[in-house]
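> To start, I am sharing the structure in question, which I have written as structure tokens.
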Amino acid sequence: MPHLLHLDSSADLTGSRSRAITAAFAKAWADRGADHTITYRDLHTDPLPRLSATALHWAPRLRAEGETAPAEDEARQRMVLDELLAADVLLVGAPMYNYSLPSTLKTWVDHVHVPGVTTTLDDTPSQPLAGRPAVVVTSAGGSYAEGSPTAGWDHLTPVLRIILGDALGMTVTVVATELTLAPRIPDLAPQVPHSEALFAAALDRATALGATL
């Protein structure tokens, strides 16, 4: 059965645009039939703890002699990895916080980016997720589009492309919306119509992807 892993990380539980967009994708996925299953993890309301030991950064065969981690932390990481490895499609809600990832999402990345398990470091191939789709839904309060004066300030999207695409080998599609703070910041008020248009377009694109991937 086609299986989706759906992650949200926004701290805004009521008005988040990234949550609304991932929800549109998930609804379109579920509407395809009962065989299209979903595992949902809310990284904000149920955050993972930070990695407790350097051993968790490596496959067991690549750890230094004597490098260990608490058994409960090993088990937690294994659970998170198994969730990802079981997914045919990954859906990530990734709002921009301080020009980068929410700390809760970064902690999830730390759990799943494991040389020797999900990404290759040596002569042993280790990319079990290669070729699987990853849909990354980004939202930003300002505008960081290519050609804008602040284009280089986006330290969210490139990181997720590197981790999910280059390191894990997944096929990454980004669904982006910007100017989410336009209704809140007076200087951005003239951008409200454009902000709403970007949001509507992102909802439509997410729905289309959820119905086809």
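Note: Cβ is positioned from N, Cα and C throughout, glycine not excepted.
TrEMBL annotations: computationally assigned, not manually curated.
Below are the features listed in TrEMBL for this protein:
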BINDING   Ser10, Ser16, Arg17, Ser18, Ser139, Ala140, Gly141, Gly142  FMN binding site
DOMAIN    3-172  domain 'Flavodoxin-like fold'
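Walk me through the surroundings of each of these features.
Non-local contacts of Arg17 (FMN binding site) by the CB criterion (under 8 A, 6+ apart in sequence, same chain) comprise Pro95, Ser139, Thr177, Thr180, Phe199, Ala202.
Looking at the domain 'Flavodoxin-like fold' (3-172) alone, the prediction's average pLDDT is 96.
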> Quick one: give me the count of other CB atoms within 10 A of the CB of Gly141 (FMN binding site).
17
> Using a 10 Å cut-off, grab the number of neighbouring Cβ atoms around the Cβ of Ser139 (FMN binding site), all chains included.
27
> Near Ser18 (FMN binding site), which residues of its chain come within a Cβ-Cβ distance under 8 Å, counting only those 6 or more away in sequence?
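Residues satisfying the criterion: Asp8, Ser9, Ser10, Gly93, Ala94, Pro95, Val137, Thr138, Ser139, Thr177.
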